[in-house]
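Enquirer: Sharing a structure, written as structure tokens. Questions coming.
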Amino acid sequence: MFTLKKSLLLLFFLGTISLSLCEEERDADEDEGEMTEEEVKRSVLGTVKDLLIGAGKSAAQSVLTALSCKLSNSC
């Protein structure tokens, strides 16, 4: 059982190294100045996500403020 685990771990490790080398080679082939379509999508989605998180935080803060006001009867 232990030898099976060792061999599977070795195959996983070698596959990971092979995959990372392929990715590095592919990245080296692409132009450095150009943004790929995936990078553009990631940046747009990241911006939208940040905006939604900010809006959610402000909405939650206003709800919590209103609740604390109602609970303490200090409105």
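For all residues, glycine too, the Cβ spot is worked out from N, Cα and C.
In case it helps, Swiss-Prot gives these features for our protein:
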DISULFID  Cys69-Cys75  disulfide bond
SIGNAL    1-22  signal peptide
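Map these features onto the structure and tell me what's around them.
Expert: For Cys69 (disulfide bond), the number of other Cβ atoms no farther than 10 Å from its own Cβ, over all displayed protein chains, is 11.
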Enquirer: Within 10 angstroms of the C-beta of Cys75 (disulfide bond), what count of other C-beta atoms is obtained when all protein chains are considered?
Expert: 8
